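See below for the structure under consideration.
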Amino acid sequence: MSSTNLSETSSGSVLGKHIDLDAQVIPDGGFRAWLVVFGAWCGLFCSLGWLNSIGTFQSYYQTTLLKGLPASTISWIPSLEIFFTFVMSPIIGCLYDHFGQRWVMLGGTFMHVLGLTMASLASDFPQILLAQGVCSALGICAVFQPCMASIPSWFKKRRGLAYGIVSSGTSLGGVVFPIMVSRLISSVGFAWSMRISGFLILSLLIISNMTVKPKTPPQAIPMTKALIARPFNEKSMVLLLTGFFFLTFGVFIPMNYIVIQAIDDGMNADLASYLPSLLNAASLLGRLSAGCASDLLGPFNVVAIACYIAGTLSLALWIPVSTHAGLFAFSVLFGFFSGAYIALAASMVVQLSPFQEIGYRTGLLFLAASISGLTASPIGGALLARDGGSYVGMQIFSGLTLIVGSSFVLGARLTNTGLSLFTKF
């Protein structure tokens, strides 16, 4: 793909290998298209938005429900939740590519709500691990994948904006759920806080199931070995997968440990519980901004720049910060710039993929993230224990993995555009 042909690199014409998604086919707006965006927004609010609240649970389990267990053991709950959310993505993506969204999303809705209900009845580590770390996570995967994969058939020129709006549901969920769960736990207890959350999630996922639908129905193609292996033979796709693997470390470690660090630094636990919400509120603005910028600059350019800045913030601001105000400032800035990580993930895959393989290839991207998502919290806990309670080693690890991941994303961009600095991609 020529680096000088801006129309090709910015519109994702590689999709034309199988189906011509030109401007005459894609409405790029209209009531039905924006209704899909709204339904997908609800889906991400309930799925990845819930996942963004894991820092609150890590803190609660460590200080109350599972008090006495080491932090590195408790951290397997959010780690497994992240892992199973993403590790099944290629399979869920293939099911979407072949059968569409309906049964996939219905199954995901059932599993997610069932997991939260079972967690409300749990009283020990293995039960919580299975309910929240496995069952709910599998449901989350089956909900968010179809929501992300349905967008490209409705939007082209405004695809970045659409993805930015949809992914903002993740951020708002990360704002609402930590505050809601924290308040509910203190007023009605852990069990009813999980049940009430489940009722809210079920209500919104009913809307998602009724509205999310691709404009172009899936056209199943045989799942051959060649098709499975094809992404791994494309240099730009391999670089993107590698970049996402590293970026996940850098993004999730601050989310998981910012509350615990604040409490260790003397911040009131109630005040510290607002940090994930503040981070996600800033991420909401970051995702909307990244989506708009993507339509002007291209998703690869935006993600590389934003995540370079996020990595620099981890090294230059998070490490030396010594005040409560500094932690709040870091949460805002880090949340804003790291927002591009999830907002434009699917958009980058669409840029490189045939239409019939969007679900599978998006799944591969999140599979790469699942490996680092599984190990991010335990690695952070191990670094914390190794350093005698100092957070510096963990903070350095977070910053460096963000910078390394951004470099791989930039490499994927350069593979397609050459060394041209001003190419939209």
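Heads up, the Cβ atoms here are built off N, Cα and C, so glycines get one too.
Please treat TrEMBL annotations as automatic predictions, because they have not gone through curation.
Annotated domain 'Major facilitator superfamily (MFS) profile' per TrEMBL: 1-425, in sequence order.
Per TrEMBL, the feature transmembrane segment maps to 33-54 (among others). Residues of the same chain lying 6 or more positions beyond the ends of the transmembrane segment (33-54) and with a Cβ under 8 Å from any Cβ of it are 27, 77-78, 81-82, 85, 105, 108, 112, 136-137, 139-141, 143-144, 146-148, 150-151, 154-155, 162, 165-174, 176-178, 181, 197, 200-201, 204-205, 207-213, 215, 255-256, 276, 280, 342.
Marked as transmembrane segment by TrEMBL: 74-96 (among others).
For the transmembrane segment (103-122), same-chain residues at least 6 beyond its ends with a Cβ under 8 Å from one of its own Cβ atoms are 43, 46-47, 50, 92, 95-96, 128, 130-132, 134-143, 145-147, 190-195, 197-198, 201-202, 205-206, 208-209, 212. The feature transmembrane segment is assigned by TrEMBL to 103-122 (among others).
TrEMBL lists 128-149 (among others) with the feature transmembrane segment.
Annotation source TrEMBL lists transmembrane segment at 161-181 (among others).
Nonlocal intrachain contacts for the transmembrane segment (187-207), taken as residues 6+ away from its ends with a CB within less than 8 angstroms of a stretch CB, comprise 38-39, 42-43, 45-46, 50, 60, 65, 105, 109, 112-113, 116-117, 119-121, 143, 177, 180-181. Per TrEMBL, the feature transmembrane segment maps to 187-207 (among others).
The annotation transmembrane segment is assigned in TrEMBL to 238-259 (among others). Remote same-chain residues near the transmembrane segment (238-259) are listed as 52, 54-56, 58-59, 75, 78, 82, 231-232, 272-273, 275-276, 279, 307, 310-311, 314, 318, 327, 330-331, 334, 338, 341, 345, 348-349, 352, 364-366, 368-369, 371-373, 375-377, 379-380, 384, 391, 394, 397-409, 411-412, 415 (criterion: CB distance under 8 Å, separation of at least six residues from the stretch ends).
What TrEMBL records for 302-321 (among others) is transmembrane segment. Among residues of the same chain six or more beyond the transmembrane segment (302-321), those with a C-beta under 8 A of the stretch's C-beta atoms are 160, 247, 250-251, 254, 286, 290, 293-294, 327, 329-330, 333-334, 337-341, 344, 348, 392, 395-396, 398-403, 405-406, 409-410, 413.
The transmembrane segment feature in TrEMBL is assigned to 327-352 (among others). Counting only same-chain residues 6+ beyond the ends of the transmembrane segment (327-352), those with a CB under 8 A from a CB of the stretch are 9, 12, 14-15, 48, 148-149, 151-152, 159-160, 163-164, 167-168, 170-171, 234, 236-237, 240, 244, 247, 250-251, 254, 258, 261-262, 265, 267, 275-276, 278-287, 289-291, 294, 298-300, 302-303, 306-307, 309-310, 313-314, 317-318, 321, 358, 361-362, 365-366, 402, 409, 412, 416, 425.
Residues annotated as transmembrane segment in TrEMBL: 364-385 (among others).
What TrEMBL records for 391-412 (among others) is transmembrane segment. Nonlocal intrachain contacts for the transmembrane segment (391-412), taken as residues 6+ away from its ends with a CB within less than 8 angstroms of a stretch CB, comprise 235-237, 239-240, 242-251, 253-254, 257, 261, 300, 303-305, 307-308, 310-315, 318-319, 338, 348, 352, 372, 379-380, 383-384.
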